[in-house]
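Q: Copied straight from Swiss-Prot:
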BINDING   R28, Q29, A30, G31, R32, D78, Y155, S210, H325  substrate binding site
SITE      D78  site 'Transition state stabilizer'
Amino acid sequence: MSESNNTPLLLRAARGEKVERTPVWMMRQAGRYMKIYRDLREKYPSFRERSENPDLAIEISLQPWHAFQPDGVIMFSDILTPLPGMGIPFDIIESKGPIIENPIRTQAQVDAMTPFDPAESLPFIKTILGTLRQEVGNASTVLGFVGAPWTLAAYAIEGKSSKNYAIIKNMAFSEPAVLHSFLGKIADAIADYVCYQIECGAQVIQMFDSWAGQLSPQDYDMFALPYQKRVVDKVKAKYPDFPLILYISGSAGVLERMGKSGVDIVSVDWTVDMADARQRLGKDMKVQGNIDPGVLFGSQDFIKARIIDTVRKAGNWGHILNLGHGVLVGTPEDNVRFFFETCKNVQSFL
């Protein structure tokens with residue numbers, strides 16, 4: 001068997017190899033738009049149970065695989081999953097999202113953080129990733145993921161989702177030393193978590209800095225980029241050839257800066273035209289994205305046209321097709337099926 005037949009398509013594209021077609025997966029491809037997931041959620045209402053009980057997390061991760069055969073199967077988890085292992089417990093309330101009862105507001109709390117040992121605090125990750133690898137074999141690429149330091153710090157400091165990030169920005173601009181100390185600790189823990197996911201079987205890992213798009217470019221350079229880079233540098237020192245993706249929501253203002261983090265692939269959201277993203281990131285940077293998730297509410301002809309447009313603009317090297325954000329609740333499952341089907345046959349439409 002040749003190397004290309006042995007190695008999954010998305011992994012080859014992530015490594016920068018020439019591939020026979022553009023690989024495709026979707027952020028949040030396992031989730032609430034699928035009836036099979038909603039039925040399981042009725043039975044197991046706790047999000048943490050669904051994501052930390054290996055049998056449930058494996059079943060959920062594989063739901064879109066069985067339905068649509070995407071080129072990437074991402075483990076069902078949450079970016080906050082490692083926080084309890086750092087001494088920051090959280091819960092996820094269905095209608096409210098994540099809640100952290102004792103948000104981090106002082107240097108004393110930062111100093112009291114627990115040393116993070118992923119094998120000890122997250123043993124279920126090994127089971128989930130290992131089983132996913134066995135289940136999909138070489139037919140798909142298994143993706144892991146982590147939250148980036150700024151975004152995890154934002155949750156831990158705000159205590160919940162925020163519209164204006166006033167509490168973390170207050171700390172950033174009035175007590176920057178406390179925030180830098182916290183970000184450094186998170187970066188080191190997340191680097192260890194990435195390495196652990198690699199050792200457990202992940203083949204590509206995406207780092208979500210979901211809230212970094214809320215920073216001005218100069219503050220991104222101060223509070224987000226150095227800690228993204230710290231994670232990447234630590235991982236690359238141990239696993240230099242492992243493909244890493246960086247995703248930021250609302251990243252138009254910091255796109256070039258994302259490329260400076262050291263990642264292999266920049267995941268572009270839909271607020272940037274893919275042709276512009278290619279130009280701004282340079283010919284050597286691989287890209288992922290970037291169809292507006294709302295497109296999947298449109299007609300199938302409309303969906304097909306947007307797929308063709310994105311693939312044309314991205315070109316035939318170093319592109320992983322994806323949405324510019326997670327698939328939206330209420331998206332018709334048949335349109336998701338059509339999306340994957342069309343993506344896999346897109347070469348015949350070009």
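Here the Cβ of each residue, glycine as well, is placed from N, Cα and C on the backbone.
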Q: Have a look around A30 (substrate binding site) and count the other CB atoms within 10 A of its CB, chains all included.
A: 25
Q: If you count Cβ atoms within 10 Å of the Cβ of Y155 (substrate binding site), leaving out that atom itself, what do you get?
A: 26
Q: In Å, how large is the greatest distance between any two Cα atoms among R28, Q29, A30, G31, R32, D78, Y155, S210, H325, the listed binders of substrate?
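A: For the residues that bind substrate, the greatest Cα distance is 23 Å.
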Q: How many neighbouring Cβ atoms, not counting its own, are there within 10 Å of the Cβ of R32 (substrate binding site)?
A: 15
Q: Using the structure shown, find which entry in R28, H325 (the binding-site residues) has the sparsest Cβ neighbourhood within 10 Å.
A: R28
Q: Applying a 10 Å Cβ distance cut-off over all chains shown, what neighbour count does D78 (site 'Transition state stabilizer') have?
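A: Result for D78 (site 'Transition state stabilizer'): 17 other Cβ atoms within 10 Å.
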Q: Measuring Cα to Cα, how many Å separate A30 (substrate binding site) from D78 (site 'Transition state stabilizer')?
A: 12
